[in-house]
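Trainee: First the structure, which I've put down as structure tokens, then a few questions once you've had a look.
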Amino acid sequence: MIQTLKTDSSFRLCFAAIAFGFVFIMNGKLSSGTTPHEFPVYIFYLGERKHDDPNLVTQSHLEILKSVLGSEEATNKSMVYSYHHGFSGFAAKLKPAEAEKLKKHPEVIILLENRKLGLQTTRTWDYLGQFSTPTSSKSLLHETNMGSGAIIGVIDSGIWSESGSFDDDGYGPIPKHWKGQCVSADQFSPADCNKKLIGAKYYIDGLNADLETSINSTTEYLSPRDHNGHGTQVSSTAAGSFVSNMTLLGLSSGSIMRGGAPKAHIAMYKACWDVEGGMCSVADVWKAFDEAIHDGVDVLSVSVGGSALKTLDVEIDIAIPALHAVNKGIPVVSPAGNEGSRSSSVINVSPWILTVAATTLDRSFSTLITLENNKTYLGQSLYTGPEISFTDVICTGDHSNVDQITKGKVIMHFSMGPVRPLTPDVVQKNGGIGLIYVRNPGDSRVECPVNFPCIYLDMEVGSELYTYIQTRSSMKIKISPYKTIIGESVASKVAKSSARGPSSFSPAILKPDIAAPGLTLLTPRIPTDEDTREFVYSGTSMATPVIAGIVALLKISHPNWSPAVIKSALVTTAMKTDPYGERLTVDGGNYKVADAFDYGGGLVNLEKATDPGLVYDMDINDYTHYLCSQTLYTDKKVSALTGNVNNKCPSSSSSILDLNVPSITIPDLKGTVNVTRTVTNVGRVKSVYKPVIEAPFGFNVVVSPKKLKFNKTRNKLAFTVTVSPGSHRVNTAFYFGSLTWSDKVHNVTIPISLRTRFIDNFFL
């Protein structure tokens, strides 16, 4: 029998819980013990190192700090970190007035506050065409010997070295260029490393300096060992070794789990700690960058980020150390963020960072709900227990007396957000035997225990089921254990949680860059996990190591490619469809076709990326052009950043629209605009490319010249794209198109995003 708490308004009550849920989580976020310290940590960035000797660099930092604090004792007590390997800077505990005074020192380029950042599989590689068997057919994976010789640096929450994903059976010697080490600390020693895990360090001073109560060994491992689990999953996704017969209580039983570059080496830099689900101090993350650059990593996977930016990211977070890594040939891969489908929520927007959006896989863990008339509804669940025979259902939105109504029943609960006031634990505690969540499509992360029937229905299906049940005086449902559905019938989508472009502070730079699978990835579980729910991870932080693994393969295949060339190869060969040819859509209530602000160039196509034909390259001059365009950098600051007195900001006539990124985005088109790009031929020496234009709706797009002819002496050519508003005479939303250069073998495609802005400060 269907029951309700309020017979005349139960459906409204189901939705009423939404407001309470948001207020509760916003007001209850911070826990005791994480109160900021009275002397905040500030980061002072000084640019490129002026000395090769790190000791001399550190001494110069102490002298700068002493110029404000006066005594050597106060200086040593204040210093948290000296960044002296990959770049020059330091972190120090100071009073705000002292920090402001030090900001005026002539060697200080930028002063940053020490923000707190958050931590943002089996089927993944089959889905992308890299089949998960050690003996499968020829591919990029095998041409690169599965990434052997590459070192992937991971800045995250640590690593559980005993996992089978980090077994070194069959590995060759550690690369000669490696200069890192495995430190000895709390329940971790150099013996925990091997030829797979070749480096492991940790950084906590920045976070502890900002907390009233320091993190201690009762709640965390004060070592590279992973207590949170996130770092272990990220590492295994990027470069995990082959693990046969991987299973999660029957889920994907018999699968082979591996990372993107299964024979690549891993170096873990633990800078994130198990506080409030995962907290990373910017000061600690910078130190991890500093040492990773020095140690000799080939790729950096950094699955961290803050909330949507209220300022340029070159003033906060990871952009500056990432620039130094990229300038030294190390690609930096980071997430777009998990703040959902709202516009301008993307993070890590600097053009030198490879920013990753998340998509779903062609896999669904599905459970059947059967009515007494045999009508069925399909929901998502990881429930592996026995079938629940026909039983009563109750719909509730106000669970104040849930203890009186749930016993022996299945609860149907409507929710429109990721935070739910009614949890499986509460239902179980009060005798309920199942829970059906009805919520908007896209909240696909599976967060329920596998031993309790906890099923997700989207709002449309849930409303249909609710309406159907309400018309019956007596209705029961049956719940079946999950079944895995794989293949073309499961549509691939951009995850609802994946943050969207454009960046509100640099809208002319398209972000995110690329998309990769990031939802419901099956990864290793560390023994400290309380249950099996953490085995299944989702988010852009899981999509990030997918791309990092692919980048490692490309570095082995093309050792001379710059980070910008690698990004270009990924973006220009990406797919606008899933591997089955269906257009990618957006996971969420609007069901729209995905566009460049959802996925950048599209879904990664790693086999095409190894032979892109043409590439859009960039170097430090392009990146300083970007910095200068934001009016943050003077000639003096640019010279300090690059370590070259001859490097200066470009002339005032140079437009940010001409930055050689593999995209064209014009956020404020008022008339005709010319945009230039330069492409480098990395394909057949003698080749001819012709343009194919898909103009955004209502805009005119013309390309000149009409052909690009490459030969031995001409492997780099420029072209101009002329854009005009066409039929548009009002402020528009963004419209999307593309430009493809084709030689009938390669199709080198960049996205075009255009918006008119005839009236300033006018909101549509």
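Quick reminder: no glycine exception, Cβ is built from N, Cα and C everywhere.
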Trainee: According to Swiss-Prot, which residue out of N374, N560 bears the annotation N-linked glycosylation site?
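Mentor: Swiss-Prot records N-linked glycosylation site at N374.
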Trainee: Going by what Swiss-Prot says, which of N348, N674 is noted as N-linked glycosylation site?
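Mentor: So the answer, going by Swiss-Prot, is N674.
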Trainee: Please report how many Å separate the Cα atom of N76 (N-linked glycosylation site) from that of N216 (N-linked glycosylation site), as a whole number.
Mentor: 23
Trainee: CA-CA, which of the recorded positions D156, N216, H230, S541, N711 lies nearest N747 (N-linked glycosylation site)?
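Mentor: Result for N747 (N-linked glycosylation site): the nearest of the recorded positions is N711.
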Trainee: What are the non-local neighbours of N711 (N-linked glycosylation site), defined as same-chain residues 6+ apart in sequence with CB under 8 A from its CB?
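Mentor: Same-chain residues close to N711 (N-linked glycosylation site) (Cβ under 8 Å, separated by 6 or more) are V685, K686.
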Trainee: Checking your reading of the structure: which of the recorded positions N216, H230, N374, N674 lie inside a 10 Å Cα sphere centred on S541 (active site, charge relay system)?
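Mentor: Close recorded positions: H230.
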Trainee: List every residue in the same chain as N674 (N-linked glycosylation site), at least 6 positions away in sequence, whose Cβ is under 8 Å from its Cβ.
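Mentor: Non-local contacts for N674 (N-linked glycosylation site): T720, V721, T722, V723.
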Trainee: Per 10 Å Cβ neighbour count, which of the recorded positions N76, S541, N747 ranks highest?
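Mentor: For the recorded positions N76, S541, N747, the Cβ with the most other Cβ atoms within 10 Å is S541.
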Trainee: For N374 (N-linked glycosylation site), which of the recorded positions D156, N216, H230 has the nearest Cα in space?
Mentor: H230
Trainee: By the count of other Cβ atoms within 10 Å, pick out the sparsest of the recorded positions D156, N216, H230, N374.
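Mentor: Among the recorded positions D156, N216, H230, N374, the lowest count of other Cβ atoms within 10 Å belongs to N374.
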Trainee: Do me a favour and check the Cα-Cα span between D156 (active site, charge relay system) and H230 (active site, charge relay system); whole Å is fine.
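Mentor: With the alpha carbons as reference points, the distance is 7 Å.
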Trainee: When DSSP is mapped onto helix/strand/coil, what comes out for N711 (N-linked glycosylation site)?
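Mentor: For N711 (N-linked glycosylation site) - judged by DSSP and reduced to three states - the answer is coil.
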